[in-house]
Amino acid sequence: MTSEFFAAQLRAQISDDTTHPISYYKPEFYTPVDGGTAHLSVVAEDGSAVSATSTINLYFGSKVRSPVSEILFNDEMDDFSSPNITNEFGVPPSPANFIQPGKQPLSSMCPTIMVGQDGQPPSHADHTPMPQAIIYNLWFGYDVKRAVEEPRLHNQLLPNVTTVERNIDQAVTAALETRHHHTQIASTFIAVVQAIVRTAGGWAAASDSRKGGEPAGY
């Protein structure tokens with residue numbers, strides 16, 4: 001999945017002027033969205049960086065807690081596929097994601113650290129909103145707070161619907177529809193991004209207001 005050949009195959013399927021039906025992309029798996037997830041981004045004085053995401057998967061995980069520690073148990077096994085069983089998100093089973101010893105399930109979590117050719121970190125950000133925040137910051141020149149707060153869109157192929165946040169620019173929605181996207185307004189926010197960016201004056205951090213929380217530094 002990290003090879004240049006695989007990336008080139010995916011890139012060749014992208015059309016600037018139109019979207020395509022699901023069969024065009026020849027999908028072999030689908031990635032569900034996690035519900036009970038938190039992310040932490042940290043950069044130390046010496047430039048050491050940590051991007052860590054933790055999850056119990058669905059909201060309230062398995063809805064079972066330990067009677068001793070009162071820790072809530074996760075239901076991460078639902079991220080695996082099982083033959084003839086459709087998961088919590090309505091995603092049909094995928095052979096590539098079947099349960100096997102020593103295997104991790106597919107996940108929409110995407111902790112990321114980006115560095116330039118000289119090893120200096122230009123930025124870092126999460127799944128669909130992660131590349132959007134990176135594009136806003138690196139390509140469009142938005143500061144980290146604006147990049148994190150910009151309205152988002154999401155398409156996970158199945159269902160083949162492009163979900164947009166309620167406050168997105170209508171011109172964006174119109175442009176998507178001219179490319180044959182079926183759009184709908186998200187009932188809530190689309191994921192959450194926490195980001196730290198190296199600037200000319202030092203470091204800038206942003207905590208997504210979609211989920212509360214604040215950046216902190218010393």
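The backbone N, Cα and C atoms fix where each Cβ goes, glycine too.
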Name the residue, out of T55, T86, that Swiss-Prot lists for the same L-glutamate site as E76, S107, S108, please.
T55
C-alpha spacing of T37 (active site, nucleophile) relative to S108 (L-glutamate binding site), in angstrom
10
